[in-house]
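Q: The structure that follows is given in the form of structure tokens.
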């Protein structure tokens with residue numbers, strides 16, 4: 001195998017990426033999420049492909065085709081719920097992966113980081129369009145509310161919304177195009193992942209210490225392949241437990257009611273992984289302001305390399321910054337909770353406070369704390 005690994009043009013690329021790749025000797029389990037995201041993407045493409053074989057992207061039959069998949073197709077229920085819960089796992093790993101990047105200062109690899117943010121937007125768009133496809137109440141009203149936000153764009157807004165809808169409301173044309181985009185986007189994501197890895201391999205991996213690891217590297221295989229397989233097995237355990245024991249735990253019961261344009265659900269909300277951004281959107285009374293805050297809540301990630309004021313890369317030896325990061329995590333959990341609550345007191349004011357603190361922690365508190373830590377270390 002070694003004889004073939006080095007000279008073969010295709011296997012050589014795989015060899016340099018996954019076998020003989022020099023990796024830092026001290027990377028922790030927080031570095032497992034990249035490979036887990038790759039597995040999730042593959043799983044989503046495979047299950048999605050089988051679902052697409054039986055799904056019909058038509059308003060009259062979409063809901064019943066999903067029911068047909070669950071009832072009549074061999075293991076259709078398993079494929080459907082593995083796909084739905086696989087998306088939840090995907091986002092859990094994405095948020096862990098981003099959190100790890102922030103904690104250990106991995107954002108200083110700016111090219112890799114920026115491609116990662118583009119990937120996040122692409123995955124979010126894919127998940128949103130996928131949520132529309134079962135054509136339940138929450139699918140329909142979620143699509144209506146979120147696409148309608150674009151009407152806040154000055155001058156071109158209303159025309160843009162109608163152009164996306166393919167008519168004057170969310171209807172057959174909208175569903176068909178959402179299915180087309182939902183099908184093609186994962187392949188675009190796969191291409192972006194390749195670029196993400198390409199940029200990463202230009203610099204090599206970061207490590208928990210934040211120091212240059214070139215003096216102490218080990219081959220990726222067998223050390224990290226075994227470690228990744230352990231992560232994979234744990235992921236499958238969680239995913240299968242979720243899929244087989246409580247497949248609807250993270251879903252919305254309203255989506256088991258067929259879409260009805262004449263009946264608005266009492267509380268329209270997206271899937272749990274978008275609730276933090278949805279809470280930020282709702283906490284601003286102005287429509288355009290809300291949309292800008294929503295977009296900026298994700299785009300703010302691009303500012304991390306610029307806002308890094310510390311003389312150290314990682315937060316490993318910076319307890320004050322660590323406290324702030326965990327405060328940010330707690331804040332995001334509060335935002336997620338608020339996003340799922342009705343728009344009434346006290347949830348409105350809690351959401352507004354959490355939104356203000358989200359932006360102020362990132363834009364003001366983290367950079368100033370880093371400067372203070374530099375002073376404390378007499379740097």
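Backbone N, Cα and C define each Cβ position, glycine as well.
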Q: What range among 267-287, 288-308 does Swiss-Prot describe as transmembrane segment?
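A: It is 288-308 that Swiss-Prot annotates as transmembrane segment.
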Q: Using C-alpha atoms, which one of the binding-site residues 83, 182, 201 comes nearest to residue 97 (heme b b566 binding site)?
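A: So, spelling it out, the nearest of the binding-site residues is 201.
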Q: If you count, for each of the binding-site residues 83, 182, 196, 201, the other Cβ atoms lying within 10 Å of its Cβ, which residue has the minimum?
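A: Sparsest of the binding-site residues 83, 182, 196, 201 by Cβ contacts within 10 Å: 201.
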Q: Can you grab the distance from residue 83 (heme b b562 binding site) over to residue 201 (ubiquinone binding site)? Cα atoms, rounded to a whole Å.
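A: If we compare the Cα positions of residue 83 (heme b b562 binding site) and residue 201 (ubiquinone binding site), the gap is 30 Å.
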Q: Hey, which bits of the same chain come close to the transmembrane segment (288-308), Cβ under 8 Å, at least six residues off its ends?
A: 98, 102, 105, 107-108, 110, 113-114, 117, 120-121, 124, 149-150, 152-154, 276-278, 280-282, 355, 358-359, 362-363, 366-367, 370
Q: What whole-number Å value do you get for the CA-CA distance of residue 201 (ubiquinone binding site) and residue 182 (heme b b562 binding site)?
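A: For residue 201 (ubiquinone binding site) versus residue 182 (heme b b562 binding site), the Cα atoms are 29 Å apart.
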